[in-house]
């Protein structure tokens, strides 16, 4: 299973650009900063990230109720948090509060140190699961950027920096798209379809996740089957299946849905939410951080006699400039934006926010291992789960409890 996402923030200049030498600063985190980052209560960061993820999901799903939804809240919030390093006063507050941080309980410094530490930890090489995340700044060769901003983005977020000539928009676009394509192993080949000549800076964040099921599906068992888009329409899809698998499961009668957890080798898991026929909107409207917590706390290892799930690859792209203001992030898109901690003057605002994501789900997995508690589970009535209608997926890093990706599959074909 692979999940790939990239987000680009495009900043345009209000005033004419001023010539600068373009030297890019570099620094590293001090031991003291590392300590502070680790001291940040991980639940505070995870709680805010979860709240933002579900709030954004509702906005995206509401705009296109019958369309697939795939996005990485972590990639989006990482880019916006980096942007907030360059923002001041109400512009900065809007960004961080829009990301669901309570600034009366957590300081800006703690947010950056905690977030930076989280992204560093996620990118540590691991044998069992591949998570690759990073950020890059593409700065116009004639745009003065404060060395303090460059140093902080490098020290806290390991953001790479490149000089671009936005007066040659096609060349600049190729530079950015080639970078993103390379970092996402070719899965996202074109993050930007066009750039404006007055672009001063582009901020990019990408996140690539590749996980192997702890209990894999056998490719020889995959067969063609119906996936019901609604009560009247269906499409043929390759359907994976596995029999007699023990995995965490809960039935939520109140919300009319079944919830199944499939674990990856390593420290990630996927929560699959299968609403009863016609109940997707009911489940979506009830989605809150408390709902996810209730499901996770209620999961119990159960024998699933017959589990069926479509094999698919879907991609989505969003312009978030219209969506983020609905979450309170408004000023940064206007000429009243104060991004003076980037340039020293109020000459920048955000003109585009582009997010693209790709989700691949297949049978791939390592050697199957029995789930904990198999011997203690009492078999009752046969339990079958058939994901042959719209469902949701939430992929979480278990160590930090951070949501990496959220998806709704309405049509896997």
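Cβ from N, Cα, C; glycine included.
These features come from Swiss-Prot:
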type: SIGNAL; residues: 1-28; note: signal peptide
type: MOD_RES; residues: 30; note: phosphoserine
type: CARBOHYD; residues: 102; note: N-linked glycosylation site
type: CARBOHYD; residues: 182; note: N-linked glycosylation site
type: CARBOHYD; residues: 220; note: N-linked glycosylation site
type: CARBOHYD; residues: 267; note: N-linked glycosylation site
type: REGION; residues: 365-389; note: region 'RCL'
Within 10 angstroms of the C-beta of residue 220 (N-linked glycosylation site), the count of other C-beta atoms across all shown chains comes to 7
All chains considered, the count of other Cβ atoms within 10 Å of the Cβ of residue 267 (N-linked glycosylation site) is 17
Smallest Cα-Cα separation from residue 182 (N-linked glycosylation site) among the glycosylation sites 102, 220, 267 is shown by 267
Other C-beta atoms within 10 angstroms of the C-beta of residue 182 (N-linked glycosylation site) total 10
Mean pLDDT across the region 'RCL' (365-389) comes out at 47
Cα of residue 102 (N-linked glycosylation site) to Cα of residue 267 (N-linked glycosylation site), in Å and rounded, measures 28
